[in-house]
Amino acid sequence: MSPSASSDEEDHNEAPTEAKRSKKGDAAVDDSNVLYHPVKLSRSDLYRPPTAEELNQLKEAESLFHCNLLKMQMEELLKEVALSERRKKLIDSFVQRISDLSWLSGSAKVPFLLLPQVTKGKFHMAPPSSVDPIGSYPLGTCIKPHVVVDLAVTIPANVLHPKDVVNQRYPRKRALYLAGLAQYLASFSDLGPMRYSCLHGNRLRPVLLLIPPGKDSRSSFTVRLHACPPPGFFKPSRFHPLRNNIRTEWYTGLQTSNSEGIEPPTPHYNSSILGDLLPKAHLQFLSAVSSQCPAFADGVALLKVWLRQRELHQGAGCFNGFLASMLLAYLLITHRISNTMTAYQLTRQWMSSTDLTVNGVSVAKDPDSSAPSLAEFHSAFQVVFVDPSGHLNMCADMTACTYKQLQHEASVSMQFWDDPTVDGFYSLLMTPKPMIRTSDHVFQLCELVKLQSSCKKLNLLSELMDHSGDYIHTTLPLILSLLQQGLGQRIQLLTHSLCPDPEWSVSNEPPKYKTQPPISFGLLLRPELATSVLERGPPADSPKAAEFRQLWGSRSELRRFQDGAITEAVLWEGESMCQKRLIPKQIITHVLKLHADIPESCLRYVGATVDDVIKKGSEVPSTGEEESLVVVQAFDDLSRKLWALEDLPLSITSVQGAHPALRYTQVFPPVPLKLDFSYFDREKKSKSLVPSKDKPCPVYITPITVICHMEGSGKWPHDRFAIRHIRAAFHIRMGELLKKHHNYSYKPCPTHLDVWKDGLAFRIQVAYHREPQVLRESLTAEGMLVVRDNEEAQALEMATIHKPLLTSTLHGLQQQNPCFGAVCRLAKRWLAAQLFSDDITEDTADLLVASLFLQPAPFTPPGSPQVGFLRFLCLLSTFDWRNNPLVVNLNNQLTGTDYTEIKNAFMASRESLPVMFIATPKDTKQSMWTKRAPSIQMLQRVMVVAAESLKVLELQLMDGTQIQDVRVVLRPPLDAYDALIHMNTNQVPLLCHAVDPPGVNFKRGVITGNAKASSGVLPVIDYNPVSLYLTELRDAFGDLALFFCDPFGGTVIAVLWKPKAFIKAPFKTSQASARSVEVTGDEAKTFPNVSAILEDFRILGKGLVKSVEAKTEKWSF
């Protein structure tokens, strides 16, 4: 592409190239009729050997990138974020207009918090000495979408005094000068609204924001004016981190009793002023480095995109583009990276740089003798990165936690970039990582004004002076240190939000510190340690015991353990897993109250808020872990007893679970029940229990499916019907043996054997491994054996082979990731509540969640149910289902080559494959789990609802001013449906699991407490009137409508008419059911009789249906 074309790529597409005309006469042809086609190359051009540059590019793509696609993606991204020539011209002309500041006078609102109110000094307004561009724009590293152009307005030397560094005199004069600039620029007619802000949240460094007029001005660019002293006006040695420039007597207004006159150092205040002295020198240094490295600007652009996606690029103590540029320059001048490296190589090397919290680095080659040493910098700051002058720590305001977060993100990114199975470009550069979706637990510190009492409690007067009264950033490092000590090994990483740069109108006073939004903290948990109820300390006679007691206060007590040791220990409350997940909350609340005087009312903990939607139990709430464990233990016991059966004609080769409860993913796992058999009626002949017509529907008993494979033998018949008879005989014999040896109640059926064990119902299905093959075989009329796949064989394979394998695999995944099952339960509860459970089946949902743990890029595997659920909604709403298969690498069996083959096969057969394609190691080509559903329309609906649910939920969790009701994302919008069938609540057996359960409770034949249950009779298993009614509706009216219902206590069935069903069709007597006839002339046509159909709904559900409501017409029953 030519330079002229590329310069306007942001606004215009390049015109196609017109082919050469072969005849002179064609020149007169009208341009509108010209046919454009590719230019044909000569044979010599086609087979021309590649140039040296092309060979280098090919070699680079092969050695550095997983595929050539990643290289092209990088190049396109850089084009996308680069400024176009048109925008550069707009910026240059605007900057030139406002640079003429030859006259200034008057008074205005000063953008500075006067704490204390008065200081010595004189000030007068004068035109600036110069106005110079600084920062990323002149360096060429400024990127879209938020374009900021920095201008350094040099304050004249006669306005300042060399002693202005003391007691905030210079920062106040600087603020006054900006106020004068604002008043002068207010007279410009071609300026938009002006606002003040602070550079990286530092109130000592206010800046003036200028926005060009126009509707799209904010999306265009912002000019940021910095008032700076003349270069070299202040001596850098005055700003040594161990020197004092804020006098205690002036700050407190009290006479000090310090006889020695030793003042505490003010390193943060010093670095704030020193930062104003050096921007031009920094620009010169970076320009020199950039000129030696052609890919420098592109490398910085990639790093800026990467930082922005992780929310590290702006705010107080951020790691912004300037620091990224400086660190890259440091690596270049120390020859850790080469000037000839590409932008991708520069980015990778940057991410593997040193730990600045332990071993700070200096860009200065030959600092003067007055420059502080790295050890002196480390004594004053948590993160040390010294600028080229040798005097300024560019990371002075950064906390160690922020830099640890940067290191963690870089380490994770490197792992994913080196993994050929991960799309590194999309994951690392295109996927945002907000805190609520990155951290396992999040809590907020509200009412920040209470931190003033923390300063007193922690005796932080010197630090408060250093931060010029900013009590938030004074206490933040101490709070982070307390949290690190308290949480210890329970967390991998502690992060915190970066206070946003405040903005306010030039006509207003600057906002107070207390108006800042709450500070958010993120915890990345260690799942194996985070839920421990015991904090075991040192032995009682150890010197460290006193430190332990000092940290934990009254919570610490001596305890004797089974190994005989007597140690200090802290015991936290928590019986069920959902209570144990909140032990970090107990720790945080206790430590902050004890040491920082921060009351619990100031903490807003949102680490497990969403868990409430699957929480059950009043005395000991549970989210299903304990119930699932009981089911798994009962299954293991039954499995052992089945293996021990000896009087069977064939031995058992395997006993496998095929139910979600056995992989910890059942939304509401079955619980052992004691039944009151007097609640039921009995059938006259068999004396079996049946539901009573006059009572509410009995409790729903879930049958837990167990697949029992029998050994192969020549005695097995080769006829499908004979095999079924043999299986039925096995069911009868197994039931008899279980009754004889273990006294289990049972009921054999041709397809299964129901067994009642310990209050749980198990449904045992005998399987013969050759039966699916027998179902595929058939004889033709000529007697030839034909093998043809069919739905019956596929369904049997799914039930007896694939589902048990999936169950055992996901059970293993649960053992590795303790919150996997809870994430599945939350995801499936949302799908069911939004009426999607028939389209995204249980197995499909479990695989979607499994992908979050197996391929978590760019995150780490979820460590809490809430963050896993948020990522599930994000996956559903953002994954490109049209162009990509979702590969779930169970047991890590697939390699990078396998991924490529799956993707190629997928693209080759895309039109014939399911709209949601999920590949697993055992199913790389068919996506058998999503073959039936969802349809393309339902998938689009799921994506839209998931995106909106994610938006609402994240806003609620991060904004305490919102209405706090997470169940709002579980309430489906029913206005989109054509009819609603309302059901009697007493006939809905799972009513207690509804999103908003009614206050009325029905007796459903369950005995509570310690009462003894009746025995000897099998209860009513798998009886759910709602699901049976839904099946009948779909069988009778499936050609006319779609039916949706929440299987977990939903009292409404939503009906959606199929548009094609309402097209008038010629009259046929065989298709006259539920249709009206319309005669026009000699032609009779039929169309659905909606009123009769709605009446049929009511009749079909007599006793269950309360009313039928027509939403699209005025029909109602």
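Just so you know, glycine gets a Cβ as well, placed from its N, Cα and C.
The region 'Disordered' annotation in TrEMBL covers 1-31.
Here TrEMBL flags 13-27 as compositional bias 'Basic and acidic residues'.
Helix first, then strand, then coil: DSSP counts for the domain 'Nrap protein' (149-291) stand at 67 helix, 22 strand, 54 coil. The domain 'Nrap protein' feature in TrEMBL is assigned to 149-291 (among others).
Residues or ranges marked as domain 'Nrap protein' in TrEMBL: 295-431 (among others). Residue counts for the domain 'Nrap protein' (295-431) under DSSP, helix first, then strand, then coil, are 67 helix, 5 strand, 65 coil.
For 437-596 (among others), the entry in TrEMBL reads domain 'Nrap protein'.
Here TrEMBL flags 611-815 (among others) as domain 'Nrap protein'.
The domain 'Nrap protein' feature in TrEMBL is assigned to 818-971 (among others).
The annotation domain 'Nrap protein' is assigned in TrEMBL to 974-1108 (among others). Confidence annotation: the domain 'Nrap protein' (974-1108) carries a mean pLDDT of 84 in the model.
Secondary structure of the domain 'Nrap protein' (974-1108), assigned with DSSP and counted as helix (H, G, I), strand (E, B) and coil, comes to 40 helix, 35 strand, 60 coil.
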